[in-house]
Amino acid sequence: MPRQVLPGISSVDWQPCGNFTDIFLDKSKNGIARIAINRPSKRNAFRPQTVLELCTAFANVRDDKNIGVVLFTGVGPAADGGYAFCSGGDQGVRGDGGYMDEEGVPRLNVLDLQRIIRSMPKVVIALVAGYAIGGGQVLHLLCDLSLASDNAIFGQTGPKVGSFDGGFGAGYLTRVVGQRKAREIWFLCRRYSSEEALRMGLINAIVPLHELEAEGVKWAKEILKNSPTAIRCLKAAFNAETDGLAGIQELAGHATHMFYRTEESKEGRNAFLEKRSPDYSEFDWLP
Ligand code: S0N
C-alpha cells in the first residue's frame with residue numbers, strides 16, 4: 001500500500017526511496033517522482049535537516065533518467081486538521097545568523113534548494129494544499145507549475161518576522177505577478193486565497209483538495225508524452241530570460257549536450273584520439 005501524502009486516491013503505485021526523517025521521496029515506474037515535506041505538525045516548516053534532505057532527493061531525481069516530472073508537496077493533514085505545502089523557515093531553530101543545524105551551525109541552505117529546483121532539467125509541479133507562506137511560498141514560486149487546492153493560502157511574512165528573500169523571492173515574484181502586486185505581497189504581508197493566486201498568475205489551476213494529487217499525476221502524464229529534450233531546453237530558455245549568465249549557462253549546456261551526440265562533434269573527438277586533423281568537410285554551413 002503506497003504511503004499517503006495528501007487525501008484522495010492516487011492512481012500511482014508509489015515506491016518509497018531513500019532513508020529520510022523530514023521528507024518522503026517516492027517514485028513511480030512511469031516517470032513521475034513525488035517529494036513531500038513531512039513535518040505536518042510544524043505546517044511543514046523547514047529546518048536545515050529538511051532542506052538538506054530535499055536537496056538530496058531533488059538531486060537524486062535530477063540524476064534519474066527514468067524520471068521526467070516531480071510532484072513537490074507537503075504531507076497533510078496534521079493531527080489538528082491543518083494543511084500546509086510549507087510555512088517557510090522553522091522559527092523554532094532560527095538562531096542569530098540563520099537556521100541552526102544539529103551541530104549548531106547557522107544555515108540558509110534553502111537557497112541551495114531553490115537553485116536545484118530551478119535548474120534541474122525536469123518539470124517540477126507544486127501541489128499546494130493549505131499554507132504556502134514565507135520561504136514556502138518562494139519554494140512554490142520556483143516550481144515550474146503550481147496546482148493549488150481550494151483551501152490553499154499564499155503569502156509572505158518576512159517583514160513581520162524579521163526576514164526577507166531579496167533573490168528569487170522578490171525578483172522572480174515580480175516577473176510572475178508584476179511590480180505592484182509583488183510590492184503589495186511583501187510590504188503588507190497579507191494572505192491570499194487560491195482564487196486570488198490564480199487571478200495574479202501565481203498558480204496554474206485550482207483543484208478540489210481530494211483530487212490534487214490525481215490532477216498533478218494527470219498533468220505529469222501529459223508532459224511525459226512530449227519530447228524530453230524540447231522540455232529540457234524550454235525550461236532553460238524560460239530561466240535564461242531572468243537568470244543572466246547562470247541562465248544562459250544552463251541553456252548553452254543543453255546545446256553542448258545535444259551537439260556531443262552529432263556526427264560533427266564526434267569527428268572532433270575521434271580525430272583527436274586518432275591523432276589526425278579533423279575533417280569537417282561533409283558538414284554544411286547551414287543558413
Ligand atoms: C502557517 C501559519 C499561517 C499556519 O497557521 P495555523 O493553521 O493557525 O497553525 P499554527 O497553530 O500557527 O501552527 C501550527 C503549528 O505549526 C508551527 N509552525 C507553523 N509555522 C511554523 C514555522 N515557520 N516555524 C516553526 N513552527 C511553525 C506552530 O508554531 C504550531 O506549533 P505549536 O502548536 O507547537 O505551537 C502560521 O503557523 C504561521 O504564520 N507560521 C509562520 C510563518 C512564517 O513566518 N514563516 C517564516 C517566514 N520566513 C521564512 O520562511 C524565511 C525563509 C528563508 O529561510 C530565507 C530565504 C532566503 C533569504 C532569507 C531567508 C530568511 O531567513 O529570511
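Backbone N, Cα and C define each Cβ position, glycine as well.
Going by TrEMBL, these are the annotated features:
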BINDING   Arg43, 87-91, Tyr99, 131-135, Thr157, Ser163, Tyr260, Lys275  substrate binding site
SITE      Tyr99  site 'Important for catalysis'
BINDING   Gln156, Thr157, Gly158  hydrogencarbonate binding site
SITE      Tyr260  site 'Important for catalysis'
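Taking the C-alpha positions, the distance from Gly158 (hydrogencarbonate binding site) to Gly134 (substrate binding site) comes to 6 Å.
The 6 Å Cβ screen around ligand 1 retains Asp90 from the binding-site residues Asp90, Gln156, Tyr260, ordered by sequence position. When the alpha carbons of Tyr260 (substrate binding site) and Gln156 (hydrogencarbonate binding site) are compared, the span between them is 44 angstrom. The two recorded residues, Gly134 (substrate binding site) and Gln156 (hydrogencarbonate binding site), show a Cα separation of 5 Å.
Distance between Cα atoms for Tyr99 (substrate binding site) and Gln156 (hydrogencarbonate binding site): 18 Å, as a whole number.
DSSP assigns Arg43 (substrate binding site) to coil in the three-state reduction, placing it in neither a helix nor a strand.
Cβ-based crowding with a 10 Å cutoff singles out Ala132 as the top-ranked of the binding-site residues Arg43, Tyr99, Ala132, Gln156.
Tyr260 (substrate binding site) falls within a helix when secondary structure is assigned with DSSP. Counting every protein chain shown, the Cβ of Gly158 (hydrogencarbonate binding site) has 21 other Cβ atoms within 10 Å.
Here the C-alpha separation of Gly88 (substrate binding site) and Gln156 (hydrogencarbonate binding site) works out to 9 Å. Arg43 (substrate binding site) sits 15 Å from Gln156 (hydrogencarbonate binding site), taking the CA atoms of both as reference points. For Asp90 (substrate binding site), applying a Cβ distance below 8 Å and a minimum sequence separation of six or more within one chain yields Arg39, Lys42, Ala45, Phe46, Arg47, Thr50, Tyr99. Distance noted between the C-alpha atoms of Ala132 (substrate binding site) and Gln156 (hydrogencarbonate binding site) is 9 Å.
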